[in-house]
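The structure appears below as structure tokens.
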Amino acid sequence: MKNINPTHTQAWKSLEAHKAELSNTTIQDLFKQEKNRFDDYSLTFNNQILVDFSKNNINQTTLSHLRQLAQECALDSAKEAMFTGEKINRTENRAVLHTALRNRTNTPVLVDGKDVMPEVNAVLAKMKDFCQRIISGEWKGYTGKAITDVVNIGIGGSDLGPYMVTEALRPYKNHLNMHFVSNVDGTHIAETLKKVNPETTLFLVASKTFTTQETMTNAQSARDWLLKAAKDESAVAKHFAALSTNAKDVEKFGIDTNNMFEFWDWVGGRYSLWSAIGLSIALSIGFENFEALLNGAHEMDKHFRSAPIEQNIPTTLALVGLWNTNFLGAQTEAILPYDQYLHRFAAYFQQGNMESNGKYVDRDGNVINNYQTGPIIWGEPGTNGQHAFYQLIHQGTTLIPCDFIAPAQTHNPLADHHNKLLSNFFAQTEALAFGKTKEEVEAEFIKAGKSLDDVKNIVPFKVFTGNKPTNSILVQKITPFTLGALIAMYEHKIFVQGVIFNIFSFDQWGVELGKQLANRILPELTDSEKVASHDSSTNGLINQFKAWR
């Protein structure tokens, strides 16, 4: 992968000049200028996903310069480097091959000259067998009862992805009840254990190293809880499985290593739901549906790898997003799914994007000070968000580009709920793009029988400037296949931006310092002695904590 500072490219210079040319052009103007704007600025995937990016402040010249930027930053060779197992995570000397986990063609993928696909398929086969035994009731707990509840214990990628997907695909769930524990706050595990029965609960401990502090603390508490009821160490093997590579510690914990599901160092945590980390997904929706999830992602992988840049959905979203942040001044993006099942989608890609591209050092080790890398990602489902934070998106002083996501078909066709939901989905992007002028506000008042003299003081507050950029992503229906494609689409968008930003998107050194300091502080909390080994603020906080506990 080539190291290219994007600001040194001709395309970046062209974009700077183009920004000035477009500075007095609004989205409203662009729709007047281009009669076929929707057709020219929308793309479809598999006749199941429509991506409309027409409500952005871009024209064909913008897109031409952005595509040139991708080419000058060697995007095509970077894509091939990832797909073919090159060690593009250079700070950890690792390949980046979440795409191999969903490689449904079994085309060989080599890491250090070795094809990884036989091992990938072996773990999938093992997962399939395990799911069949649990779902069918063949697997019994320590009293001979079948499993009714599954508790996934993990954190970060070992929690956010599986939790998001199992929630998104609840219409496909079987009889098993799924629970997710991540926070080292004892409240999380305690409240979960109140809901389950030790005789019928299976715990999945998701930690590659089997040493992650939060995960192992929660796993140990779950083990203690089980043994308090079972009073026999042999019960652990009947109620625990591990998603790990540390066979020694897994066995020491009491888990049968036959029920240990491996994954590899070329699988990053935030890209791991496609691996054994997705076992909770497969248990929740059945292995066939898990395979459909993989199939959807694989189809998006093929599209991303082979579609020309003009038709390439992840690349287009990445380039438009980069334009909004680096040239129009946005520092944040909102992901707004109009589907309650997708209520964790924004949180999932908050990690996916911010942990990947939240970097201030480029691939040459230089501090980045003349362009913006990853944006702040956040969001909530519609229509809840409309009654919470949309006010600022519409009338605030901060530019917030938004992705609106909605299914055309609902899993719950109750009365006219879905039409009302989608009417809001369509209305919001229209309102954000076109706004409401002073003249329109005044006309409304006149129609309501008011005189302009009476309302002149209120008119400014009811004006909407519009010109707020949005993407509309319409999905035919949220299924395992389309969800897999949607997730992969966002993964590749993040990758493209990381390539152009000239950063390493697949490490996360930013999480390490806090961990190191916490390990230093933990022993200081075991007694009541005052501490003086930190700065005055940290000392004061620790000492007050000791006084109050």
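Even glycines carry a Cβ here, placed using N, Cα and C.
Swiss-Prot has this to say about the protein:
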{"type": "ACT_SITE", "residues": "GLU355", "note": "active site, proton donor"}
{"type": "ACT_SITE", "residues": "HIS387", "note": "active site"}
{"type": "ACT_SITE", "residues": "LYS515", "note": "active site"}
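In this structure, the CA atom of HIS387 (active site) is 37 Å away from the CA atom of LYS515 (active site). The Cβ neighbour count for HIS387 (active site), using a 10 Å radius over every protein chain in view, is 9.
Rounded to a whole value, the Cα-Cα separation of LYS515 (active site) and GLU355 (active site, proton donor) is 15 Å. Counting every protein chain shown, 11 other Cβ atoms lie within 10 Å of the Cβ of LYS515 (active site).
In the structure as shown, the Cβ atom of GLU355 (active site, proton donor) sits within 10 Å of 22 other Cβ atoms.
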